[in-house]
Structures are given as C-alpha cells and as structure tokens.
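Shown next, in structure tokens, is the structure this report addresses.
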Amino acid sequence: MICAISGEVPEDPVLSTNSGLLFERRLIRRYIEDHGKCPVTKEELAMDDLVTVKTNKIPKPRPLQAASVPGLLGMFQNEWDALMLSNFALEQQLHTARQELSHALYQHDAACRVIARLKKERDESRTLLAQAERQIPISAAGPAPVAAVTNGKRALEDEVGPDGKKIRPGINPVIIDELTECNSVLSAQRKKRQVPPSLAPIDALERYTQISSHPLHKTNKPGILSIDIHHSKDIIATGGIDTNAVLFDRPSGQVLCTLTDHSKKITSLKFVPRDELLITGSADKTVRVWQGNEDGSYGCRHTMRDHGAEVEAVTVHASQKYFATASRDNTWCFYDISTGSCLTQVGEASGQDAYTSAAFHPDGLILGTGTSEGVIKIWDVKSQTRVAKFEGEVGHVGTVTAMSFSENGYFLATAALDGVKLWDLRKLRNFRTLSPYDPDTPTSSVEFDFSGSYIAVAGSDIRVYQVANVKTEWNLVKTLPDLSGTGKVTSVKFGADAKYVAVGSMDHNLRVFGLPGDEQMEEAKSESAVQ
C-alpha cells in the first residue's frame, strides 16, 4: 500500500482502473489537472478512472528512533550537526562577501587616487604650458621663415644630422688639454698620498651601530635610491622614488630643502662642492643642475633633456667642471656644468644594452659604464672610444647596479646579481669576487671610502671590508643590519674619514651608522692626543 508518486503510505488512497497503480488522491488530482496523464505509464487518465480504496483509520506508528531515549538523542544530535553545518556555510558566505566588499572599496579608493593624481598632473601641465606661452613669443601666422644660411649651410642642418640625431659640439682640444692637465696633477698627488691619521680605525668600525634615523621621504612612495655627501659641510643628499631630492644637514638633524621638480623617481645624484651645485638624474629622462644659495636652499639652474630613456647614473669629473650621465637609451653624455650643454653623446650602434651605472676614474680620463646585461665597458674620455670590455664568463650575471673606482687609481669595484667583482685596471683582469649574499639577492650598491682603505657592499644588509692588495684577502670588518625591515639596502656612502656610514633602503628613512655619542667623543679625544 505505497503511493506510486510519494513512495509513502497514502492517507486517502485511490486506485487507477487503467494501470492498477495506487496513488494519494490529492497528489494524483493535481497531476491530472496539470498534465491529464498517468505519472508512471504516461497514458491518458481522468479522475473518473480512479476508484477509492477503503482502509481502516489507524494511527501512524512512531519512527523507530523516537521509541527510545538514545534514539531521541541521536535525532537531536543529527539536527544539531545540520544546524552547525548550515551556520558554517553562512559564515563562509559572509567572509567571502566581506572580502569582495573590501576589494571593491580598495579598487574604488585606488581609482580615486589615480584620478586625483591625473588631475594634478593635468593642472601642472596646463600651468607649465601657460608659462611657456607667456615666455616664448608666438610668431604671427604665415609661412615658416627660411633658416639662415652660414658658410653655404643652413643653420638648422648644423643642429640635426642626417640620421635625425642632434650634432654635438664635441670635446674640443682646449677641454682635452684641461682634462690632461687635471689628470697629470692628480696622478702626481696620488703618488704622495698617505692614509690620513683622522681615518676611522678598524676597531672603531667594528663598534659601529645605528646612531640616527630620519624620515626624509614620503611614506606612500617609500624608497631611497641614491645618496651623496657634501663632506666639507656634512650635508647628505638623498634621491627617492617619491620624485624628491632631500638635502639633510647631519650635525643639526634638520632638512635644509626638498627639491620637487622631477616628475618620476630620482635614480642618481651627485654634489659638486666647488660651486655648491647638486646634479640629479631621474627616470623622467631629464638631468637637472641645482644651484645652492646662502640660506641653504637650492634652485634649478639647468635642465637637460638629451636622453631618450631613464637616466640611471650621474658622475662628476675630478675637475668639477664637467659631468657625465648614463641612460637606458644605450648612450652616455658628457656635459659642461657651467653652461649645462651636452658636449658629446656616445653610443654604440651595435649595442642594445641599457646603461645602468657609470663612474669617472679619480684621474678623470677614464669613464666606466655598466649595462643591463652584465657588461662592463671602459671608455677613453678624450677620444670617446671604448678601450676595454668585460663580458661573458669574465663579466657579471644580471644588471650592473653600481660601480666605484678606488682613490688609489688601480681598483674598480662593480656590483650585480652575482655579487661584487674587483678589477685590477693595470692588467684589466678580475682578481677577486665578493659574494656576500645568496644567488637570489642582488648587490645593489658598492662604494670605496675616499682614502681607499675600506669598501662597503649593500644588498640585504651592509658589509664593510678592509681593502688589501691583489694577492691578500679582503677581510670583513663589520656587518650592519638592514633595520628598514624591507631586506633591500639600495645605497651606501661613507662620511668624511669613514666616521659614519649613510644608508638608504626601500623605506623612507635615511639611517646613519657610527660610534655612539660617548665613544665618539673618546675617539676624538684620542685622535687629538695623537696629533
């Protein structure tokens, strides 16, 4: 006595005279009203074909589980488990909905920030355009004037060559004589140089610790990419991802000024102490020369736009009258500081490597450049020709991130993914490799101190080595931890006489390592007693 539709005992059973099947009256009536067929045999069926089956009215028996206390407890347990599972599913759905809402709000906030930044850049561009229109007189409408003719050639043709590139004036014989004389004087002085008695000794470096930390850059765009120090005034300049260059007076702990004219990150900067200048190179493809004022502020004196890609390195000539820049457009430029003019722009036609680092030799007649493919190139500045090239098994693995010449004139240090390679310029060979970090941690900075007695290497931390000769081991003097928490130290610079070490990382703080205050005073007293 089971209903063919519900599979349960019917309360009001009816029998089909066509098929002999048993149904619950209310179920079969609804099905016939909707379909007019038997739900099982699919034959035509009407209510008149159903016969009521008379049964005794008996109460339904209780389920077997409800007949005992343990059965009831089991039923309750099953209900509780089902309730908990349903509650867990609801909590998961709620968590997913919260994550989606948080992501949507983050995207909305990011979109608002991008829109605000674009509006700001648009307004700045409009302002600059309006200023340019006021400064540059607009010629009356009409045909373009014919270029003036000088010595049978148009003046415009003198500026642009047949390949479409600008024709530079070049390094003339007067400048070459000046560079040669500077080289002769510095070479003669170098032979007489001695290590200054005021240089920080090894036992002092071993006690170096962080003595100050200064939040100079923006927190929403953290990262200090370059550091330089004006040793005579003890001023530290930092260039950051936030597009700003900050000048910091270390003795007073005060920010002198913030330079904000660049539109993208500042990749390199250098002081020119003789004329109180600062040179900055940026990813916005420009180089700027800043003039220092008596009140400590700096104003933009020249803006150079000769490169077609990011400017990665700035290096100043020993005469402090010229400087060079290296760019990802596979060229390096040689500039006159006083006029801001590009005297020559050098690139190799067959080369596709981007220049990522550059440095002048202390004597000024040699320029070193590093590329994104791990190649080191040595150039003769007078003739602008490449005189040496280190690549392949001899060169680096990965991008050359930094290079530094020792003041002794013999050693060159270059940094890349595979560590620091030390080169003997007399024999043009690699005589030692420092690999302080694991293969996945690049070395981002390397720097000799001015005396040539120490070399600092930066990657996931800062390591200071004692400079020896070609055959002797270069011993590790001190390891300074990266206290930024980012694990990426981007720049390192020695202070005067290696009395302190300035460090920049991928956060917004400039950190200074040196002797604590009391030990520093004792060190100064002992030095004065020796003198």
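Yeah, the Cβs are placed from backbone N, Cα and C, and that goes for glycine too.
All annotation found in TrEMBL is predicted automatically rather than curated by experts.
Look at TrEMBL and you will find 1-70 tagged as domain 'U-box'. With DSSP states grouped into helix (H, G, I), strand (E, B) and coil, the domain 'U-box' (1-70) comes out at 20 helix, 12 strand, 38 coil.
Residues or ranges marked as repeat 'WD' by TrEMBL: 259-291 (among others). Mean pLDDT for the repeat 'WD' (259-291) in the predicted structure: 92.
Residue counts for the repeat 'WD' (304-345) under DSSP, helix first, then strand, then coil, are 0 helix, 24 strand, 18 coil. Among the features that TrEMBL reports, repeat 'WD' is placed at 304-345 (among others).
Summarised by DSSP class, the composition of the repeat 'WD' (348-389) is 0 helix, 22 strand, 20 coil. Taken from TrEMBL, the feature repeat 'WD' covers 348-389 (among others).
Per TrEMBL, repeat 'WD' is recorded for 393-433 (among others).
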**Outside the repeat 'WD' (393-433), six or more residues from its ends: residues with CB under 8 Å to it** = 187, 190, 193, 356-363, 366, 368, 370-376, 378, 439, 442-448, 450-452, 455, 457, 467, 470, 474
**Message:** For the repeat 'WD' (259-291), give me same-chain residues lying six or more residues beyond its boundaries with a C-beta closer than 8 angstroms to one of its C-beta atoms, as numbers and ranges.
**Reply:** 121, 223, 225-226, 228-233, 235, 237-247, 298-316, 320, 323, 325, 327, 335, 337, 340
